[in-house]
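Worksheet: one structure, shown below.
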Amino acid sequence: MASALSVLQRIMGGTNWRHFVLILVLGQLLSLCITSTSVLSNKLAEYQNVTLPNFQSFLVYALLFIVYMPLTLYRLGPRKVWTNIKRRFPWYIFMAAVDVEGNYFVIKAYSYTSLLSCMLLDTWTLPCVVILSYFLLRARYRWMQILGVLLCLGGMGLLIKGDMDAGKNYKAVDAVKGDIFMLIGATCYALSNTTEEFIVRKRPQYETVAWLGFFGTIINGVQMGIIEHDRLSKLVWTKEVVGYTIGFDLVMFVLYTIAPFLFRLSSATFYNLSILTSDFYGLIFAKYMFHDKITAIYGGAFVMIVGGLLVYYLFPHAEPDHLPQLIGFRAQLPGDMEITGTAAGRRAAEASGSLRDMEEDISSSDSPAKMSLSDYGSIRNRKSSTAHDGDAVDSRR
């Protein structure tokens with residue numbers, strides 16, 4: 001008992017609570033974004049009685065491209081942008097393609113299968129991300145991380161149980177088709193999240209999102225023209241439709257902007273654990289918009305999910321110390337970086353400057369850089385006239 005207590009004290013004492021609160025808040029902000037997009041999509045469907053997933057997503061990708069591509073060109077310069085993309089465009093195309101299809105299949109699944117089936121099958125993203133992170137990113141999970149994942153899934157189970165008891169469900173039009181669509185969409189989300197985590201640990205956030213917007217606009221635009229052309233021509237543009245569409249796109253823009261930072265500060269696994277609370281926030285919306293009742297089981301589910309996030313965080317993190325050298329990333333190019341999730345690296349980053357400062361330093365450098373967050377402090381120090389060659393901090397010592 002005493003030894004177990006000492007282990008717990010050592011874990012709690014070594015926990016960076018400031019960092020945990022930061023990623024917890026970011027995760028819940030993204031969870032609220034997902035809830036908001038669901039509410040806005042449902043309200044949009046109520047007015048027109050039609051779902052247009054490709055059209056809604058097209059505007060989001062276009063906005064990401066319009067905002068972040070000029071920033072990328074300004075920060076890196078056209079020559080560096082061209083050098084990077086011609087070597088790595090297959091990864092950006094893949095990330096955009098699975099993201100587009102994930103959005104499409106998940107939204108379509110709600111039209112065919114039951115609500116509870118969608119909620120249950122959507123959690124398939126989480127084990128997929130864990131498996132992909134293990135093999136693609138070389139993340140190594142401890143028993144506490146596995147326990148945290150199970151606690152979060154248990155909280156999700158309580159949410160589903162609460163919905164079943166309250167009778168919040170609708171009949172499936174084509175259950176098999178809808179379930180298959182949801183599984184495909186959840187798998188695509190896992191592939192997109194893991195790929196984006198890998199890229200954003202190597203490249204600046206604004207560049208990653210810019211190319212996601214560029215290729216996403218093309219892929220989604222072609223798909224929209226083929227699938228939704230007739231329905232778009234019949235759409236009546238009332239002020240409600242315009243308002244809900246703009247609201248949806250702005251919320252999604254915020255989600256796509258913040259998510260890469262959470263991937264970098266924690267992981268795709270932590271992100272997917274965090275957004276499990278989106279169904280709980282949906283219940284709060286339902287209470288005030290539709291006067292639904294919230295029972296104690298929902299509060300217990302929320303506490304269980306947040307508790308699972310804390311348990312997942314307590315032990316040394318599962319984020320990789322060294323990313324694999326995948327095709328296109330084997331040769332170091334201008335602006336490259338390797339940002340690990342180690343606690344020492346995070347402490348050095350906090351002491352040295354903000355994440356934005358780090359990206360400015362790396363993107364303005366003419367030489368390739370392979371670094372962790374812990375090495376960042378040495379870059380900032382070398383800019384000072386009092387810096388010495390031995391000032392660098394190595395988190396891998």
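Placed from the backbone N, Cα and C atoms, the Cβ positions cover glycine too.
Copied over from TrEMBL:
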- 386-397: compositional bias 'Basic and acidic residues' (COMPBIAS)
- 350-397: region 'Disordered' (REGION)
- 20-38: transmembrane segment (TRANSMEM)
- 58-77: transmembrane segment (TRANSMEM)
- 113-136: transmembrane segment (TRANSMEM)
- 143-160: transmembrane segment (TRANSMEM)
- 209-229: transmembrane segment (TRANSMEM)
- 241-263: transmembrane segment (TRANSMEM)
- 270-290: transmembrane segment (TRANSMEM)
- 296-315: transmembrane segment (TRANSMEM)
Query raised in the report: Are there 3 or more C-beta pairs under 8 Å linking the transmembrane segment (209-229) with the transmembrane segment (20-38), counting only pairs at least 6 apart in sequence?
Result: no
Query raised in the report: When you scan the chain for residues with a C-beta under 8 Å from the transmembrane segment (209-229), skipping those not six or more beyond its ends, what do you find?
Result: 52, 54-55, 57-58, 60-69, 71-72, 85, 89, 92-93, 95-97, 99-100, 104, 196, 256-257, 260
**Report entry** Distant-in-sequence neighbours of the transmembrane segment (143-160), which means Cβ under 8 A and at least six residues beyond its ends
**Finding:** 116, 119-120, 123, 126, 130, 269, 273, 276, 279-280, 297-298, 300-305, 307-315, 318
